[in-house]
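What TrEMBL says about this protein:
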ACT_SITE  Lys138  active site, proton donor
ACT_SITE  Lys282  active site, proton acceptor
BINDING   Asp169, Glu195, Asp258  Mg(2+) binding site
COMPBIAS  17-28  compositional bias 'Low complexity'
DOMAIN    115-214  domain 'Mandelate racemase/muconate lactonizing enzyme C-terminal'
REGION    1-34  region 'Disordered'
Amino acid sequence: MASITDPQRTPTPVPADTPAARTPATAPESGTLPPIDAVLSAARVVAIPTRTRFRGIEVREAVVFDAPRGPSEFSPFPEYDDAEAASWLAAALDFGWGEAPPPLRDTIAVNATVPAVAAEEVAGILARFPGCTTAKVKVAERGQSLADDIARVRAVREAMGEDALIRIDANGGWTVDEAAHALRTLSEFDLDYAEQPCVTVPELVELRHRLTTGRRADDGQAEGRRAEGERAEEPGFLADAAFPASAGRSPLVRIAADESVRKAEDPLAVARAGAADLLVVKAQPLGGVGRALRIVEEAGLPVVVSSALDTSAGISMGLRLAAALPEHLLAGACGLGTVALLQGDVAADPLVPVDGRLRVRRPALDPELLDRYAASPEREAWWRERIARCRAVLDSRGSRL
Ligand SMILES: O=C(O)CCC(=O)C1=CC=C[C@@H](O)[C@@H]1C(=O)O
Ligand SMILES: [Mg+2]
């Protein structure tokens, strides 16, 4: 990323519930990144247990900033390298010290997010998302089977009723063959879309082709399975060589790209390749609200704004992105209700769904909660060093607010 400058941005009033009247006394000169000392002195590191294991995580660590423009967050997953994590820092600095684009709406509908839990646990998870009429269900979890996925999706359909929209997210866990088979099987649940069913853009292209025509692009033999995939041993996964032709030209189920946007060198490649019907966009990995907006506008595909399992500080960044999107590009409920999956939060009035929606706001950080969830001194030091290294990466890229 050469720059996170957005000359189009106009100053926006800080929403009422921010620690507001805080003048941007420490705000940097327009465009310049805030000094590292100011960034570190605004930082608090928290470690918040999840209610249920989610993408292998049982404790969510995050840095939250008590920044001049309001709370902000830096929470790349620990395994990400500095080059990738630097974009998350750009986003945090942009939201905490820069100007956010003006919101076009006051509330955002959100989906319930259902981790890869046993079917019996589904109702308990959904109860944390009151009023949500869309659910996103994790599937293709390592060590589980398609039968587990079907049982989980069925439990969601039974709990939410026929009118609910159900999406699935495979996090790239399937080969093309596995995905084609799984999506045909899951089509009885009338899915809204399937998020990142396979890892690569060519795989997504092939899958979309197959879901549209019922045939393989090369009309050849079944491809090999993902070598390390435990699910690969499941009988019947290759029984799809003659995938039944779908009627007409629309795919059996829409394909959404997530990792192919947020982890790609070129976040627009997936749209250019015609590999997805819609995009899932996240403000932190894409370098901030302004940059994500530009990517969405260039891609020209409908989007769902989603969380990175952030605290309310990071969720407010995602909300601001969702609130700034042109209406025709917003593809339904956003994946921003995930504070409900955490055991606690950094705000006394957290951004959890009410009547299936979140109000667009930046809740203040609560000092008592920051103390309660403070990370250990070792983890605190690790995150502070990470911030300094990522900040150096941004300097080397010539990044600006
Ligand atoms: O989109 C949602 O409903 C919630 C957010 C979500 O699913 C994710 C958050 C954080 C990490 C990701 O593995 C995961 C995703 O893949 O979309
Ligand atoms: Mg996803």
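A Cβ is built for glycine as well, from the same backbone N, Cα and C atoms used for every other residue.
Note that this is a predicted model, so its numbers are computed, not measured.
A gap of 5 Å separates the Cα atoms of Asp169 (Mg(2+) binding site) and the residue listed as 'active site, proton donor'. By neighbour count, meaning other C-beta atoms within 10 Å, the densest spot among the active-site residues Lys138, Lys282 is Lys282.
Figure note: comparing Cβ neighbours within 10 Å for the binding-site residues Asp169, Glu195, Asp258, the maximum is reached by Glu195. Close to ligand 1, meaning a Cβ under 6 Å from one of its atoms, are these of the recorded positions Lys138, Asp169, Asp258, Lys282: Asp169, Asp258.
Comparing the residue listed as 'active site, proton donor' with Glu195 (Mg(2+) binding site), their Cα atoms are 9 Å apart once rounded. Confidence over the domain 'Mandelate racemase/muconate lactonizing enzyme C-terminal' (115-214), given as mean pLDDT on the 0 to 100 scale, stands at 97. Those same-chain residues not listed among Asp169, Glu195, Asp258 yet with C-beta within 8 angstroms of the centroid of the Mg(2+) site C-beta atoms are Lys136, Arg167, Ile168, Ala170, Asn171, Ala194, Gln196, Ala256, Ala257, Glu259, Val280, Ser306. For ligand 2, the nearby recorded positions are Glu195; that is, of Lys138, Glu195, Lys282, these have a C-beta under 6 Å from one of its atoms.
Here the C-alpha separation of Lys282 (active site, proton acceptor) and Asp258 (Mg(2+) binding site) works out to 9 Å. Across the domain 'Mandelate racemase/muconate lactonizing enzyme C-terminal' (115-214), DSSP classifies residues as 50 helix, 13 strand, 37 coil.
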